[in-house]
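So the structure is just underneath, and the comments pick up after that.
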Amino acid sequence: MKRNYFLYIIIITAAIVSRLIPHSWNFAPITAIAIFAAIYLPIRQAVVLPLVIRFISDVIIGFFSWQLMIAVYLSHLFGVALGLWVRRNKSFGRVLTAPILSAVVFFLVTNFAWLYASYTNDLPGILLAYTNGLPFLRGTLMGDVFYTLALVGGYEFALRYSRQSGKVKIDINY
């Protein structure tokens, strides 16, 4: 049982540190962790893990408006849903598609939420919100794809290596 908590503490700490150190806008592993967790962990843990990471790091960094925070947290849960979709029929195409879809939905949802917090509630306001959000979309896409491929690819590689060598047993499904 202690091993379970230790693994989660490592994941949570690494993800929080990645948000605190200087990095490109939105180039963070939280959505990738949501996707990864939904593929390999029990559903309850997959839902809780990215929310805990986000909440703890938001306590440290600071929160935005409640509308934006709801949009951000729900967008991370969409990453969990996409991970469950990948879990049903795991393939490289799905593993690659999940972070791309997640990044686009995150962009659309969070920038729409910014509309209420920072822009006029009309067509020019929403267009300005989405236009100003484009630099963040680039970082989100790059980070989500990079971290998802690194996590899933690394885990799958380790699984295959451990099965072939018979030396190491890797199991994160507790």
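Yeah, the Cβs are placed from backbone N, Cα and C, and that goes for glycine too.
According to TrEMBL, the features are:
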{"type": "TRANSMEM", "residues": "6-21", "note": "transmembrane segment"}
{"type": "TRANSMEM", "residues": "33-53", "note": "transmembrane segment"}
{"type": "TRANSMEM", "residues": "59-86", "note": "transmembrane segment"}
{"type": "TRANSMEM", "residues": "98-116", "note": "transmembrane segment"}
{"type": "TRANSMEM", "residues": "136-159", "note": "transmembrane segment"}
Find the member of 33-53, 59-86, 98-116 that has more C-beta pairs under 8 Å to the transmembrane segment (6-21) than any other listed stretch.
33-53
In the same chain, who gets a Cβ under 8 Å from the transmembrane segment (98-116) while lying at least 6 residues past its ends?
31-32, 34-35, 65, 67-68, 70-72, 74-76, 78-79, 82-83, 85-86, 125-126, 129-130, 132-133, 136-137, 140-141, 144-145, 147-149
